[in-house]
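Straight from Swiss-Prot, the features:
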- K14, L15, S16, G17, G57, R61, T164, Y170, D173: ATP binding site (BINDING)
- G56, D76, T137, G138, N139, P140, F141, F142, T143, T144: UMP binding site (BINDING)
Amino acid sequence: MSVAKPAHKRILLKLSGEALMGDDQFGINHDTIVRMVDEIAEVTRLGVEVAVVIGGGNIFRGVAGGSVGMDRATADYMGMLATVMNALALGDTMNKAGLTARVMSAIAIEQVVEPYVRPKALQYLEEGKVVIFAAGTGNPFFTTDTAAALRGAEIGAEVVLKATKVDGVYTADPKKDPQATRYSKISFDDAMTQNLGIMDATAFALCRDQKLPIKVFSILKHGALKRVVMGQDEGTLVYA
């Protein structure tokens, strides 16, 4: 009996900062981050190369800062620093779990994390290390979703896995409409026409133009990441 092989060799996992909060109102929930790392470890054991882009919304959101009178660029830089904090926590948890993680930042903080250098990131992935990309794109006015699309394209990821609190993309908000159904797959064009809000427009356009598929799934469902990587019917595939 042949062992099933993963559907993807190299993935870019986009984690929101909020996902790290668990049931807390702020910060990083220890049990939640350990569980996420366990799910990622399970995938690396299949031989899949994993890169992660992490948000910072559990600590600070640039958009929120801009809305209360703060200069938007300054607020965005603060948001980038929040992602560095999350990346350090994620990397530390991975290393304690027996994985080898490398945090690479788009803004220079060389005493804390190494700078993002594409050839080095590719080398780490080929060596089986998990690469965590911090500080978004390094530029204000760009979301961490856009960073996920950008880094995914740069490293030649086969798919961007957008981990959310919902198990896919629905015809309507499942919390408000009991008749809402989950799309198993949907094209970029249809998703844009229906304004489904899967990612911000910049990130979405970049994935579409690079023909980089997006898989939306729930990080809260145990084993969902592995099922996605194995190509099973989990979440929603957005394709070109």
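Numbers here mean position along the shown chain, with the first residue as 1.
In case you wondered, yes, glycine gets a Cβ from its N, Cα and C as well.
Taking the features listed in Swiss-Prot, we show where each one sits on the structure.
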residue: K14; record: ATP binding site; Cβ within 10 Å: 28
residue: S16; record: ATP binding site; Cβ within 10 Å: 21
residue: G56; record: UMP binding site; Cβ within 10 Å: 26
residue: G57; record: ATP binding site; Cβ within 10 Å: 21
residue: T137; record: UMP binding site; Cβ within 10 Å: 22
residue: N139; record: UMP binding site; Cβ within 10 Å: 15
residue: F141; record: UMP binding site; Cβ within 10 Å: 12
residue: T143; record: UMP binding site; Cβ within 10 Å: 20
residue: T164; record: ATP binding site; Cβ within 10 Å: 19
residue: D173; record: ATP binding site; Cβ within 10 Å: 9
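Using the Cβ center of G56, D76, T137, G138, N139, P140, F141, F142, T143, T144 for UMP, the list of other same-chain residues with Cβ within 8 Å runs, in sequence order, G62, G79, M80, G136, T146, A147. Taking CA atoms as the reference points, T143 (UMP binding site) and T164 (ATP binding site) are 15 Å apart.
For D173 (ATP binding site) paired with G56 (UMP binding site), the C-alpha to C-alpha distance reads 24 Å. Annotation note: K14 (ATP binding site) sits in a strand segment as assigned by DSSP. Across the structure, T164 (ATP binding site) and G56 (UMP binding site) place their CA atoms 14 angstrom apart.
It is 16 Å from the Cα atom of T137 (UMP binding site) to that of G57 (ATP binding site). Here UMP is bound by G56, D76, T137, G138, N139, P140, F141, F142, T143, T144 per the record. The longest Cα to Cα distance in that group is 14 Å.
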